[in-house]
RNA sequence: GCUCAGAUGGUGGAACUGGUAGACACGCAGGACUUAAAAUCCUGUGCCCUCAACAGGCGUGCGGGUUCGAUUCCCGCUCUGAGUACCA
């Protein structure tokens, strides 16, 4: 029978499903291997050809690892909470659970027909209560934990309470809010229960706090920093503004350093690690307090006196009005400070502005506000700022320094205040030059200070008081000691990363298992989990502006306490899902100890690089937290990460002729001739174009208006224009895998996706070569059949040539798969099949081994041939990968390329046993080579055994 | 601006540690089979010169360098893509 892919593929997909062929047991003598794909968000559009690329690669790898004797866990599931389903619900009134389920069904059908070896018994859906119960449970663990810097890990909140009981707040080294109180054990004992709760909240790893958030009015929710790109929402591209709100946050900053250090221990692509490093943004430096010289009124009395004495924030307020604290990475240049700058949004600007300067300052703030976030970031050239009228004192030399505001200082980083050192920092230099502030040289190695700043750390310090003559290292050490002793600062590490906002004012997400009593948050009881998402009438905020959950009727804890109305963000469910896969059916724990002890971590994780600073960072954070609590084994969740490239769309165009008046006609010009006419360019559905040739009949049928279209052809064909763009519906360049699978089968589709090029490289989708892959599989099938398409193999001793072809491919595939070079394997399979076809190989043992080697790529056809070869049905997946024997590849002769002065001239067959002297003689006595040499005396002969002979004349 | 990745025939790409550049496939051209077409099979196919063969010249973004020998290593530049953006 000819190669009938449809029957074969259906048959084996059914067999694998019915026999649970890929079910992975958590108990096995085999070594474990965990291959994970980034699970998809099931969108309404279904899968396009770009989605399965990574899944195919990971499936090839999983199947290969099984053949190599590993117990492989290769699961799949759905990240099924999220905005699109909710937006759709708002538009149509359909419950997101309903549309999500329908989308999942489509995804499942599409995934199934590609023949993946997923263990579906371990499927997870983040929107299932059985799943999000454990997401809520982990939230509760975070709420009940604090970060102890003493032990450098998270601990149960009870250990903090013990410390408070024993010694009060003294000696506590924790990652916490800035406004924690100092108290004695006796104070703690006298605190009311509410006061205790309020204080503990400042230490919890997930906490409620008034903070400036990214508010997206169009989406009606706050967004995390990684969900905002250049001032616009990542999803939908809506404007985002800053707003103060009471918000749940995750104290990811507690893990900043561990997240940074961990990067050195994992095998991830360097760009991703670099992005995480930048995101964490560690800077080592010092904080320094500059005393404020109060602006004085004309009669000499202090203008600002004991401000805000009745203000709630009086503690901060008082300190603030004594000092301005700056963070600097160059404390060694402190003697070069000639001014101080605050961010325009800095909360004390108004109070530190003198009456005289008030108009200028207010004008400047108004100007800055007008500039959008984007303008402000884009325009880094223009120098701007305004003088407050106040002065501060440089603690190093008691110099009086003017206090400015400028928008090059960001409120959100460090303390929102900067010391200006024009000689050492280019921005400060530009500022000082523009406003005529002094530029003070601080090192004898600084050059060209009339032109630009010189940030050198070389040389000895000058003009720098007590650090004069010291080098960089000595100066920093001395200054840091001095700051500490004087109590005006200290060595400090600053991170760019902020705590992660954890609440979303949306419906379709995990409810936060918290209720409020007297304005304070409390966890619900663990036995009450899951806190199920309540039904609501419509998926919009309430009239009073509360999140959609505010619509739920009678939704109160124990009938009387308000629940938290925000839901968790999209990344909650995906920050631990790889553990749930290990033990997906467990009703008692999020994962059993046995399962974690066996599977430990993910050995190979394949997914897109767009999750670099979102999912991949949050997952590492939760993983470290779970490790601190002893719930999991490994410090890092994903040992090796591969980013598959993006599949871009390849759009096709037709050129519609335009008449004299500029009106569109019904005539279309082939791409090569379009310059001779006046035309307009239109997208055409790529599914009616083959190899850039338009199927004109299908084009006429595509739309009514084209029914009578006429064509100006070249060589009898209509050639379409081509451009690479994002794959999207509106560009008519979306290719659905279903179509290709129906036409060529899953095995061809899998191999073609791999054949396209290196996995990590982005590339446009192009079906031009798929015929070649299909022809290859047919040729492979024919190896096992005679001319009448009858199955026919022979039992005989394989020939040397057959063994050589086989062992070449055994080695090649093994090498390629281990280094994730899947495209090169496909070419090599073609070579192997071409060679065996030429050899007219019908040898059973050779072909059987070839079936095993090819099976990770084309599992259906191989499973069919495996059973035709007489093996038990469906056992191929656990066959043993053939053992490579180098002896079969040994050659006794090699066609040496002979080059003269590095230019290849000819090949010469020589025995590989010959040594350098013998080769030299053979080469020089060859008449053809003598002809090339033209009697010139060879100066030198380079000989590399088995590689090359190079004659230098 | 900074960081990273990349640039090889008409196309996708191969060449793994410096050793025959262009494997494999697509496309194209020619041929076989066919009444014809499709499918299939065979042959050719980097560019230039040449009727053609032989021979030759040029060729891995550009310009240099190291080397017997460079797509591979080093220096400088151009372009493309991605990330990031006044982070003190």
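Glycine is no exception: its Cβ is also placed from the backbone N, Cα and C atoms.
Annotation source TrEMBL lists ATP binding site at A:729. Here TrEMBL flags A:38-144 as domain 'Methionyl/Leucyl tRNA synthetase'. The domain 'Leucyl-tRNA synthetase editing' annotation in TrEMBL covers A:277-484. Under the heading domain 'Methionyl/Valyl/Leucyl/Isoleucyl-tRNA synthetase anticodon-binding', TrEMBL lists A:803-916. Taken from TrEMBL, the feature motif ''KMSKS' region' covers A:726-730.
The Cβ of residue A:729 (ATP binding site) has A:45 as same-chain neighbours under 8 Å, each 6 or more residues away in sequence. When Cβ-Cβ distances below 8 Å are used as the criterion, the motif ''KMSKS' region' (A:726-730) is approached by residues 45, 48, 50, 647-649, 765 of the same chain, each at least six residues removed from its ends. Helix, strand and coil counts from DSSP across the domain 'Methionyl/Valyl/Leucyl/Isoleucyl-tRNA synthetase anticodon-binding' (A:803-916) read 62 helix, 18 strand, 34 coil. Under DSSP, residues within the domain 'Methionyl/Leucyl tRNA synthetase' (A:38-144) fall into helix, strand and coil as 61 helix, 5 strand, 41 coil. In the motif ''KMSKS' region' (A:726-730), the DSSP tally of helix, strand and coil residues is 2 helix, 0 strand, 3 coil.
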